[in-house]
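Positions annotated as domain 'CMP/dCMP-type deaminase' by TrEMBL: A:11-133. Annotated Zn(2+) binding site per TrEMBL: A:H60, A:C85, A:C94, in sequence order. Under the heading active site, proton donor, TrEMBL lists A:E62. According to TrEMBL, the NADP(+) binding site annotation covers A:A164, A:W180, A:D210. The feature substrate binding site is assigned by TrEMBL to A:S178, A:R194, A:T206, A:L214, A:R217, A:E266.
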There are 2 protein chains.
Amino acid sequence: MSQDDTNSWSDKDDQMMRLAIAASCDSRIIARPNPWVGAIIQTYDNEIVSGSTQAPGDRHGEIVALDKLGDRARSGTLWVTLEPCSHHGKTPPCVERIISSGIERVVVGIIDPDPRVAGSGIKILREAGIEVCVGVRAKEVAMDLVGYLISRKLGRPMTLVKLASTLDGYIAASDGTSKWITNEESRLAVQELRADSDVIIAGSGTLKIDDPSLTVRLENRRSPLRVVLGAIPPNAKVHPARSFSGDIKDLLSELGKEGNLMAMIEGGAHVANQFLNQHLIDRLHIFYAPKVLGGGQGLRLFEGQGALTMAMAYEFDHLDTRTHRGDIEVIVQSKETTKLIQEVVTASTNH
Amino acid sequence: MSQDDTNSWSDKDDQMMRLAIAASCDSRIIARPNPWVGAIIQTYDNEIVSGSTQAPGDRHGEIVALDKLGDRARSGTLWVTLEPCSHHGKTPPCVERIISSGIERVVVGIIDPDPRVAGSGIKILREAGIEVCVGVRAKEVAMDLVGYLISRKLGRPMTLVKLASTLDGYIAASDGTSKWITNEESRLAVQELRADSDVIIAGSGTLKIDDPSLTVRLENRRSPLRVVLGAIPPNAKVHPARSFSGDIKDLLSELGKEGNLMAMIEGGAHVANQFLNQHLIDRLHIFYAPKVLGGGQGLRLFEGQGALTMAMAYEFDHLDTRTHRGDIEVIVQSKETTKLIQEVVTASTNH
């Protein structure tokens, strides 16, 4: 509870924040590298409007909603997933516009970890006499904005490793066969993950074996930047792609500086193992086909150096399990990422 | 639809069969080696009673329900999960009692694959002028009675292989550490599986490494017969246990003759692989801990000879996924077992 005792919220705040989260979905892709923010305003006479962040340089979610109302925003309440910005970036500070609009109460999901904001947006609003309540559905917002949070806190994109496997942990049989382990439904889910990523990273080994294009084949969805670890054969389907040699930490840092928020790592048990060993897997999606290869010399999910004893195993938190017509998608998150999200949630609810 | 056009059922039949299935749970353990049958009777003036099969030699579910009503069963309806028996076993045929009770309509879940029944129970009831409807919630009943169905059709117990694994398919690290991969909740679920089994089978290798007792530590639940493949060390905790050497097919046949309906295979990647290679896994429960070992020389879920190419992988059907405080239990069923169940369902709905 904050000292000015405004950090309490109602069921209605909870419900309106859900609407704001839903509104943010519209800008999930277009806002990058900015956070995809959703906002809801209820006017004094109970009109409700929503807004979501537009393309970079264009309006943030709060402003979109305010623009819909004009003078009618006066004395209204604003629910917004992320703390309104207080700095001059590509657009003027949202807090100034909120104050001048006459909004009386602002309900925020999470504080913005960007050092240029980091609570100062809330402070300015409160100093202007606006009641501000922070931390409503904070965990849900933080989970949704995890790519943005990691980017601002660690200076690199969120990493998502996707693997397709038999139930007993093989991504290829001993003769090298690996294509179509999982079914069409699973492959469609993978397309969605790709469409939600800014970058796809694959090893050059996978290119030699499978020659994948790594593009998004969903209508009206852009294909992410493709990065290959190692040399790219001239006729590879993955072109246009960037080739990278060196430490993956440097790669992620470079990608982070370019404004990429989400990187998907596909293809390559050795590449996956590199990310694992360096504790650089934020989320791991394993698509298990309900098949068993049994003993033998197949290629496993991770290849290379592993933990030598069970107590040293890399630990994750279970997030979700989905089924795709018999295939089972298990989604886990690294303990470090859970901790980072928790820090944002705690900071928000205590703000 | 049968020729006498009685094989149609209502929402009420569906609902009452659910009650009968629920009633059968009470006798799931005590009825063995008989099927655990549940029955519901609604009298002419709408009284409802239930019954479930008692210990071998004692009354079947239908008779338990009839006994509760006496003369009041006249003109009532009976819902029963399994076709009433028509032969003199340890008890007189249930059909005779049903006919003499004056019941007017009988609704059956599935026909009894036991060659001594196999439709003759239904035939006798119909010949006595009773309206008989077959196949209500047949799939659910067949899934529940799968151990009994396999036993009667294949002369062996149903087999359930249980394995605890990391997400990447390791049951032990390269230094041999394997205990407590999964958490306490998962281990409790394993206790339930054991309590539901007639036999637990383990390899002698597992005994040497872990020295498990393989007992059920739940209150008021019996421990199953323990069978070890290979020699049992004199001081092993698994005693009293039976040692078996030879073909596992012979073992299962022997266990089937003794009236065992459900065998759980625990412990041993090599033992699990023997069952896999011989297509003797009816159901596979894998408890995945949200951990990754990464590359290395750990012990995998199945060890020994496996499928050499992905197209030859052993295929299963996904049945269910459960979570146990972060651990993920994936339950799959062999295609052969699905087919056997489907045959019983089809035969029942067409009867």
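Note that Cβ sites are derived from N, Cα and C of the backbone, with glycine treated the same way.
Here the Cβ of A:D210 (NADP(+) binding site) has 16 other Cβ atoms within 10 Å, regardless of which shown protein chain they belong to. Around A:E266 (substrate binding site), the same-chain residues six or more apart in sequence whose CB sits under 8 Å from its CB are A:K162, A:V190, A:R194, A:I200, A:I201, A:A202, A:T206, A:P212, A:L214, listed in sequence order.
When each of the binding-site residues A:H60, A:R194 is scored by how many other Cβ atoms sit within 10 Å of its Cβ, A:R194 comes out lowest. Reported as a whole number, the C-alpha separation between A:S178 (substrate binding site) and A:A164 (NADP(+) binding site) equals 9 Å.
In the structure as shown, the Cβ atom of A:C85 (Zn(2+) binding site) sits within 10 Å of 24 other Cβ atoms. If you check the recorded positions A:H60, A:E62, A:C85, A:C94, A:R217 against A:D210 (NADP(+) binding site), none has a Cα inside 10 Å of its Cα. Helix, strand and coil counts from DSSP across the domain 'CMP/dCMP-type deaminase' (A:11-133) read 46 helix, 25 strand, 52 coil. With a threshold of 8 Å between Cβ atoms, the binding-site residues A:C85, A:S178, A:R194, A:T206, A:L214, A:R217 that neighbour chain B are A:S178. Candidate binding-site residues: A:A164, A:W180, A:R217. Nearest to A:H60 (Zn(2+) binding site) by Cα distance: A:R217. Rounded to a whole number, the C-alpha distance linking A:E62 (active site, proton donor) with A:R217 (substrate binding site) is 33 angstrom. In the three-state DSSP reading, A:S178 (substrate binding site) counts as coil.
Taking the C-alpha atom of A:A164 (NADP(+) binding site) as reference, the shortest distance to any of the binding-site residues A:C85, A:C94, A:R217 belongs to A:R217. Summarising the environment of A:S178 (substrate binding site), the number of other Cβ atoms within 10 Å of its Cβ, over all protein chains shown, is 20.
When the alpha carbons of A:C94 (Zn(2+) binding site) and A:W180 (NADP(+) binding site) are compared, the span between them is 49 angstrom. Contacts of A:R217 (substrate binding site) defined by a Cβ separation under 8 A and a same-chain sequence distance of 6+ are given as A:Q191, in order along the sequence. For the NADP(+) site, the Cβ centre of A:A164, A:W180, A:D210 serves as reference, and the other residues of the chain with Cβ at most 8 Å from it are A:S178, A:K179, A:I181, A:T182.
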